[in-house]
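Worksheet: the structure to be examined is printed underneath.
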Amino acid sequence: MAEEFVQQRLTNNKVTIFVKFTCPFCRNALDILNKFSFKRGAYEIVDIKEFKPENKLHDYFEQITGGRTVPRIFFGKTSIGGYSDLLEIDNMDALGDILSSIGVLRTC
């Protein structure tokens, strides 16, 4: 059930972030991603409160990413980790290039 909930949201050419809106790390990750202009349908924010029981979702995240916490961020079907991983990529000024390379950003 958790696998289906996650996997049906992960597609190539899309950024998917699983969050709890009450989580400060999730809000910080959203702030970073919201600096970019995504193509329609290329960015999805998933509130994990939609899934019950939530602990099963955390178990599945740990199984596929090595981490149980949110945010869990995926570029396509590949997990890039959580907030600290996203922040590190952003601090290296590489995030825009990565997002461009997977085809999720709008072009003028």
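Even glycines carry a Cβ here, placed using N, Cα and C.
Mapped onto DSSP helix, strand and coil, the domain 'Glutaredoxin' (3-106) counts 46 helix, 20 strand, 38 coil. Among the features that Swiss-Prot reports, domain 'Glutaredoxin' is placed at 3-106.
The Cβ of CYS26 (disulfide bond) has 24 neighbouring Cβ atoms from other residues within 10 Å, across all protein chains displayed. Per Swiss-Prot, disulfide bond is recorded for CYS23-CYS26.
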Same chain only, sequence gap of 6 or more: which residues have a CB within under 8 Å of the CB of CYS23 (disulfide bond)?
VAL70, PRO71
